[in-house]
Amino acid sequence: MAASGTESGQGLRMIAPPLLYAVLMLAIPLLTILTFSFIRDGYQIVIWELTLENYRAVWADQIFRALMLRSLGVAMLVTLATVVLAFPVAYFLSFVVAPRRKAMWIFLITIPFWTSYLIRVFLWKVILGYNGVINSGLKSLGLIEQPLSFLLYNTGSIVVTLAHAYAPFAILPIYVALERIDRSLLEAGRDLGESRAMTFWRVTLPLAMPGVLAAVLIVFIPTMGDYVTPTLIGGGKIPMVANLIQAQMLDIDNKPLGSAIAVTAMLIVTLLAALFLLLNRRFLRVRT
Amino acid sequence: MRGGGLRAYALLYLLFLYAPILLLPVFAFNSGTIVAFPLNEFTTQWFSQLWGNTTLRRALVNSLTIAVSAAVLATVLGMFAARASTRYRFPGQGAALGLIMLPLVLPEIIVGVSLLVVLLAVGVELSVLTVIIGHTLICTPYSVAILTTAFSSLDQSLEEAAQDLGESRWNAFRLVILPLVMPGIMSSLLMSFTISLDEFIIAFFLAGNEPTLPTYIFSQLRFPKAIPMIMALGTVLVAASILLLALAEYFRRRGAARTGQTNSGGFP
């Protein structure tokens with residue numbers, strides 16, 4: 001290499017192994033499903049003929065549109081619930097907890113996140129189920145005669161489960177952003193006669209926005225693609241887009257159509273994320 | 001006390017976070033075959049059932065093989081990337097790191113599906129190895145993040161001093177840098193190991209007929225009879241991951257102490 005002795009040459013050689021791995025195992029596979037989505041399915045074999053048929057099939061399909069809208073709706077609800085519930089905790093961690101106890105609090109918050117995701121999700125079924133913890137508890141207290149059947153197998157139960165599963169993802173980025181706020185700015189706000197609430201609204205919240213933004217994206221993107229929760233908590237009655245991808249790829253074995261669904265879903269998520277970032281930038285500009 | 005309302009809220013939130021996990025041992029030691037209240041008698045039969053289960057043992061061996069391999073591979077790749085991002089400046093650096101970190105913001109099902117399509121097209125048979133490939137991919141960003149923190153807190157003059165005193169570049173790295181980032185390496189290994197051990201959807205797509213712990217658990221959740229045993233398995237897994245996390249936290253704190261930082265929970 002011509003630049004081998006220089007710093008950039010050394011840097012390039014240093015990054016080569018992980019970069020090569022990411023290109024081979026991530027970039028090429030992603031490009032492959034993009035290509036697959038444009039070719040015709042020949043049942044077990046692939047016919048090398050470019051076509052838009054898969055996308056036409058995806059968009060004309062009412063089931064796909066319904067599932068896509070439902071996935072978007074559920075992911076947005078989950079994101080809203082998770083971030084709104086998490087913000088006060090992050091605020092508490094950053095502004096109330098004594099510095100030497102912060103590490104312990106963060107440790108406490110992250111422990112549940114590292115325990116088996118599948119079992120955690122399943123336990124919500126145990127809690128919310130027909131013979132579950134809530135129902136049997138209420139029954140033994142004599143508050144209800146018959147178990148409440150509206151607790152499980154619906155969108156609400158999916159939202160609760162996912163908001164639980166992604167809680168640390170929301171708390172940590174907001175906490176980091178709050179930690180970075182120069183405390184003297186808040187004092188300045190107060191000294192200049194702003195109330196505590198107005199200082200929060202005009203100083204703390206805008207400065208915490210990068211963290212909130214990160215939290216929204218970190219929660220929204222994986223929940224869109226979640227497979228386990230709709231399967232277990234939705235009882236198969238409320239499939240989301242991941243279930244559709246799985247069915248096309250494995251059960252029905254129509255890889256071009258499955259690829260088209262995956263690419264479409266990815267595109268929609270990317271567009272929404274970009275739109276969200278753009279709107280947020282404008283929102284921040286208006287306020288400052 | 002300052003922030004009394006917030007503190008109460010935070011404690012309630014912790015209860016919400018821990019509620020499902022606290023239920024695990026309750027049902028794991030309960031003799032009832034249905035997972036519901038009221039409880040029956042105390043029993044350890046579900047744990048002995050675990051011990052005698054050969055499919056589970058196979059799934060455990062597979063999962064451990066995958067998790068150890070993915071952790072080592074991701075940490076090695078992560079060291080290269082972290083070193084490249086903290087020590088050097090070169091054209092295309094942002095794009096290269098962006099691609100390496102991309103799995104963080106990609107739904108895992110997309111990673112699994114796209115790898116599956118390519119592996120099948122190339123004619124690779126699905127096995128434990130293919131799961132290792134997928135898990136290394138999703139663990140590497142976490143390794144990079146942890147190791148970047150470890151590398152960036154280093155004083156570059158230490159390495160230069162070693163080189164000025166006549167050590168080769170490799171020796172300077174081995175003798176000066178490596179011991180200082182060792183705690184970061186340990187916590188990266190543990191973190192990747194934990195992620196891989198718990199990962200379901202990629203294993204579901206890429207494991208073929210080989211069971212891993214999560215895919216085995218998923219297959220058993222359909223059978224009401226198997227649930228108490230799964231609760232026992234969950235209890236064991238929770239205990240194991242708390243142990244691993246405590247270890248990771250110990251190494252992180254030691255690393256922070258060694259490079260002279262104050263301990264703020266990993267967020268400078």
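Just so you know, glycine gets a Cβ as well, placed from its N, Cα and C.
Quick look at what TrEMBL annotates:
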type	residues	note
TRANSMEM	B:12-39	transmembrane segment
TRANSMEM	B:59-82	transmembrane segment
DOMAIN	B:60-248	domain 'ABC transmembrane type-1'
TRANSMEM	B:94-122	transmembrane segment
TRANSMEM	B:128-154	transmembrane segment
TRANSMEM	B:175-206	transmembrane segment
TRANSMEM	B:226-248	transmembrane segment
Contact between the transmembrane segment (B:59-82) and the transmembrane segment (B:226-248) (3 or more Cβ pairs under 8 Å, separation 6+): no
Stretch in B:94-122, B:128-154, B:175-206, B:226-248 most in contact with the transmembrane segment (B:12-39), if contact is a CB pair under 8 A: B:226-248
Folded-back contacts onto the transmembrane segment (B:94-122), same chain, C-beta under 8 angstroms, at least six residues removed: 77, 81, 84-85, 130, 133-134, 137-138, 140-142, 144-145, 199, 201-202, 204-206
Chain residues in Cβ proximity to the transmembrane segment (B:128-154) (below 8 Å; excluding those fewer than six residues from its ends, i.e. six or more beyond): 62, 65-67, 69-71, 73-75, 77-79, 81-83, 85-87, 97, 100-104, 108, 111-112, 115, 119, 177, 180-181, 183-185, 187-188, 191-192, 195-196, 199, 202-203, 205-208, 210, 212, 255, 259, 261, 266, 268
Distal contacts, the transmembrane segment (B:175-206) - CB-CB under 8 A, six or more residues away: 63-64, 66-68, 70-72, 74-75, 78-79, 108-109, 111-113, 115-116, 119, 126, 130-131, 133-135, 138-139, 142-143, 146-147, 149-151, 154, 158-159, 162, 167, 212-215, 218, 241, 244-245, 247-249, 251-252, 254-256, 258-259
